[in-house]
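Residues or ranges marked as site 'Transition state stabilizer' by Swiss-Prot: R19. Annotated active site, proton acceptor per Swiss-Prot: Y24, in sequence order. Annotation comment: Swiss-Prot describes N75, H81, D88, L102, S103, R112 as substrate binding site. According to Swiss-Prot, the active site, proton donor annotation covers H101.
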Amino acid sequence: MPSTIFVLNGPNLNALGKREPGIYGGKTLADIEAMCKEEAKLLGFDVDFRQSNHEGTLVDWLHEAGEKAVGIAINPAAYGHTSIAMHDAIRAITVPVVELHLSNIHAREEFRHKSMIAPAVKGVICGFGAQSYILALHALKNLTEKSK
């Protein structure tokens, strides 16, 4: 049975494909989920792919993933810039966590330049559109192999 990676998605990502496609691209979250599941299969993982607009739900899922998954890829969306709760939840997790963003957060508005969760994760991938998810899966593959 393959190991599982959780791919968690924060607020407004359910609107991908119609929300600011010039910034976030034209792929829907369902398109990205299909890409992730296909790539993960090639890497030897299963993917548990989830999205919520609610911070507490994301925190609950981080705790769950810390118990069930070998790694976590998270696109915290706007919560990445504000959530101390998610930062603290990630600190309590022993499996590797990779933060990702579709857009280059450092090339956008000043308030998006700082990530509250970045100090708690293994690494951050941003600016590659939907490919950011694939890069995060590869990073997690590398991190899980190193821990063996």
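One is the number of the first residue shown, and numbering goes on along the chain from there.
In case you wondered, yes, glycine gets a Cβ from its N, Cα and C as well.
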Least Cβ-crowded entry, counting other Cβ within 10 Å, from the recorded positions listed as H81, H101: H81
Fewest other C-beta atoms within 10 angstroms, as judged across L102, S103, which are the binding-site residues: S103
Secondary-structure category, per DSSP, in which N75 (substrate binding site) falls: strand
DSSP state at D88 (substrate binding site), helix/strand/coil: helix
